[in-house]
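Accompanying notes for the structure given below.
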Amino acid sequence: MQDMSKEADSQVQTEMPQVSRLVVNQNDERFISYDYRESPPREMVQWFRRRARILFNYSMVKKCLPVLSWLPKYQCSYVMYDLIAGITVALTAIPQSIAYGILANLSPQYGLYSNILGCLAYAVFGSVKDVTIAPTSLTAIMVQHVVKELEYGTALLTFLAAVVTISFGALNLGVLVRFISIPVVMGFTFAACLTIGSAQIRSLLGIKTQGKSSDFVTSWTNVFAHLDEVRMADCILGCCSIVVLCSLRLTKDLGEGRWRIFFKYLVLLRNALIVVAGATLAYYLKTDMDDSVFNLTGHVPAGLPVFQMPPFSYTNINGTEYSFGDMLSVMRTSIITIPLVTTLEIVSVGKAFSKGKIIDATQEMIALGMSNLVVSFCSPLPAAGSFTRSALNNSSGVRTTMSCAVTAVVLTISLALFTDALYYIPKATLASVVISAMLFMPDYEEIGNIWRSKKMDLIPFLATALACLFYELDYGILVGIGLNCCILLYLMSTPGLSGEEIQLSGLTVLLVKVDQSLAFSSAECLRDWILKRIDQRDHIDVVVIDGQNIHFADTTVAKNFVSIEEDLRIRQIRLMLWRFDAKVAFVFLRMRKELFIPLLRADVQLQDAVARWKHLHYQIPTE
């Protein structure tokens with residue numbers, strides 16, 4: 001009997017490897033010293049030191065001021081493109097900014113003031129060449145209720161919203177935009193083009209009656225309700241302008257040599273040329289200033305903005321006095337919602353025009369915040385990323401954010417000198433410029449790619465598009481992001497699991513492989529899956545969980561591993577944890593060190609790990 005016992009011990013020794021590890025990175029100092037505690041203070045100090053080194057260097061200054069990067073490299077060939085883009089956007093921005101100022105219950109010139117200062121600031125701080133900062137219908141609607149009480153005192157809301165937005169950027173919260181996927185951006189872009197184009201149909205047909213809002217449904221409802229107001233002259237001018245603009249766009253590759261250059265610049269100038277032609281035609285066809293052939297932009301108050309500090313206390317026209325606290329009570333949650341919505345808007349617009357390039361969302365937050373900070377010194381109407389004017393900027397061949405500065409200069413000159421000339425720009429011409437830009441804005445090929453590559457991506461695409469069309473653009477994109485997050489949570493909650501039954505060292509082993517990290521949402525899934533597979537098999541001695549792909553685990557996961565071990569022990573089955581990283585193992589060890597130390601094994605070969613574990617810990621269950 002003693003000889004047989006010695007022979008068995010000798011066989012076990014041959015099966016047992018000479019070197020064995022409990023975790024993958026066995027040399028971790030904390031594991032050697034049996035110190036499994038977390039050390040957040042030291043990690044936080046190191047993080048602050050790294051952030052301090054990043055913040056106080058020239059490269060960080062260049063990152064916060066993109067103008068320092070592109071201005072030294074500015075080429076003479078860019079001048080024409082930026083001039084054309086800036087002038088074209090300015091011609092469209094004039095009537096729109098006036099309209100948004102009126103929509104916000106403010107004097108019309110405040111819309112222009114916001115546009116001028118917003119563009120100047122974005123030219124310095126902006127990182128996306130196509131984006132144009134300007135007042136939008138959304139920002140106008142969001143400040144309406146505040147303007148009714150505070151009037152010009154709403155400039156304080158613009159100031160505080162700017163401070164909050166800059167704080168978002170300083171805290172590097174730009175990572176939040178990673179949750180905006182390509183299908184969501186495509187859905188937003190598609191719906192925005194339909195919405196913006198639909199809002200221009202009224203002006204294209206010469207209908208003067210304006211709907212309650214400019215959303216997709218209301219725009220078409222308003223058109224059909226006032227078909228009797230259609231003016232044939234405006235309709236003909238607008239439709240002809242669209243035909244000319246689309247035809248010119250298709251001629252960009254025509255000709256050779258000088259003719260090719262001619263058509264190239266003709267295409268770039270098409271928007272500005274059509275506006276000038278429309279204004280000239282309206283001027284020569286005028287019969288009566290009060291009854292023009294076309295619906296015109298109308299009178300724009302002349303003069304430049306006056307700079308002053310945003311009021312921290314205010315007395316409105318009715319004599320009601322508001323202290324700083326009273327003003328805050330009027331603004332309520334707008335101080336937070338305006339930064340959130342405008343940030344989402346500018347990043348979404350930037351991604352829509354990025355054409356695959358990476359958008360620095362944090363820098364866009366800082367640029368938006370700085371723009372509104374400057375705006376608050378001369379206008380109560382906050383600015384945001386304008387999709388319409390950004391589309392015109394893009395279609396005009398913009399090269400750098402210098403175009404924003406050009407737009408600001410043109411608007412300033414127009415306010416100072418040419419308000420009489422701006423009177424004659426037909427609204428139908430401006431509508432045709434916007435509509436023709438919207439026709440070519442969606443990437444129809446990319447929509448087809450979504451269908452071909454992953455049909456499930458059509459769900460966030462359609463959800464975003466429909467919510468934007470039938471509700472509101474910005475809330476629609478929130479719907480898309482929320483749906484994407486739900487899909488992401490579902491994928492995190494259902495890790496890929498596979499099981500293989502093998503014979504090792506005289507034991508029947510169920511090897512369980514997990515293809516991703518585990519979090520609280522997926523902990524129960526792993527436990528239920530293992531117990532279900534155990535019940536489907538006749539006899540299992542050991543369940544081995546392969547942790548090679550598990551790089552994160554939390555308290556809920558550790559607690560479920562304790563439950564897995566207890567459930568298996570009741571069934572007289574043992575548990576072994578193989579190839580777990582030290583960081584994950586530390587979570588388990590901090591939960592119950594005495595339980596998990598016998599379970600962990602990280603030998604290179606599973607056979608060696610099972611043999612060593614069997615020799616040290618396994619006992620044959622008694623009948």
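Each Cβ is built from the backbone N, Cα and C atoms, and glycine gets one as well.
It is 397-417, from the ranges 61-81, 397-417, 565-585, that TrEMBL records as transmembrane segment. Cross-referencing 83-103, 419-439 with TrEMBL places the feature transmembrane segment at 83-103. Each residue in the domain 'STAS' (509-577) has a pLDDT score, and their mean in this model is 90.
Below 8 A, the CB atoms of the transmembrane segment (262-285) and the transmembrane segment (334-353) form no more than two pairs separated by six or more positions in the chain, fewer than 3 in all. Each of 83-103, 152-173, 334-353, 397-417, 461-491 was scored by its Cβ pairs under 8 Å to the transmembrane segment (180-201), and the highest score goes to 461-491. For the domain 'STAS' (509-577), residue counts in helix, strand and coil come to 32 helix, 15 strand, 22 coil, using DSSP.
Taking every listed stretch (83-103, 152-173, 334-353, 461-491) in turn, the largest tally of C-beta pairs under 8 A with the transmembrane segment (365-385) is reached by 152-173. Beyond its flanks by at least six residues, the transmembrane segment (152-173) meets 106, 143, 146, 310-312, 314, 316, 322, 327, 331, 334-336, 338-339, 342-343, 362-366, 368-373, 375-377, 379-382 of its own chain at Cβ-Cβ distances under 8 Å.
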